[in-house]
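Please read the structure below before turning to the comments.
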Amino acid sequence: MTNPESTAIDPVAAMGTDHTEAPAHPLHKVLSFVRRSGRLDDRLQRAWDNYAGTYLLDIAAGNLLDVREGVTLDRAFVESAWGNDNPLIVEIGTGQGENVVAAAAAHPETNFLALEVYDPGVAHTLLLAGKQGLTNIRVAQVNAPELFKVTAAGTVAEVWTFFPDPWPKKKHHKRRIVQKAMAGDIHRALVTDGVWRIATDIEDYALHVHEVMDGLDGWKNLGSVTVSLPLEHVGKGNADMAADMPHADFTESERFEGRVLTNFEKKGLAAGRVIHDFTYQAVTLN
């Protein structure tokens, strides 16, 4: 596969200025993904070769997809990478890119950053964006928590996390992308009253989101829909047990109208799963 570092955009070099170095990363990090073979078929390889130089940001370092030392995602970075100071929306885990590319096409006045770790997903996003000739979208193949650690305050208008890896085993819940530490970094990155939109079709993950986010200082749940969820986690393969557990009411959101119906979401609906939407607004910390 073509080395992305040889073709990708390097906004840090383009700015020609010194930026605060990224903090040192621990040797052993909890990752929200597992690296798999990234072999591309001919069509996706051509997409990578043709469009990486236009859309792919050269900010990754190392096989764990850490953010390269010296990179800071701030307004100067945005202006260098996108060529304007329009609001920035970041989608974490864009998969095949269907949603983020559709959003970018529908909102040319907004900048979009697609975060995806898997080569085929990155390549397919490049393909969709390139076929439409979009100019307001960029792609970064990095670990999202690491990028938000080096994102300056007030840089991002919205963060989207739609259908993240559910990590169903209880021992793996620490790998779920929605965590208090991540919420803290996203809160800092967002503009005043910016929002974090989350969606999942896994009931156990919905409970996890409520446990992490509801009542967390600095966040306001903007939902208006009452849902009933079990009060305990059931673990992988035990979803049927949830119906007999004690339940409580929680507040969630209507389906986000800005999210297209992707193939992934269609499969969840076809399997009879309920979609849980969340909208959390960043407010002043107490």
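Cβ atoms here come from the backbone N, Cα and C positions, even for glycine.
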- Checking 1-21, 22-42, 232-252 against Swiss-Prot, the stretch recorded as region 'Disordered' is 1-21
- Using DSSP, would you call GLU91 (S-adenosyl-L-methionine binding site) helix, strand or coil? strand
- Note: in the chain of PHE264 (substrate binding site), residues six or more apart in sequence with C-beta under 8 angstroms of its C-beta are GLY95, GLN96, PHE163
- Neighbouring C-beta atoms (10 Å sphere around the C-beta of ASN263 (substrate binding site)): 9
- Note on the structure: Between the C-alpha atoms of ASN143 (S-adenosyl-L-methionine binding site) and LYS169 (substrate binding site), the distance in angstrom, to the nearest integer, is 21
- Across every protein chain in view, the count of C-beta atoms other than its own within 10 A of the C-beta of GLU91 (S-adenosyl-L-methionine binding site) is 27
- Task: Give the distance between the Cα atoms of GLU91 (S-adenosyl-L-methionine binding site) and THR262 (substrate binding site), rounded to the nearest whole Å.
- Result: 14
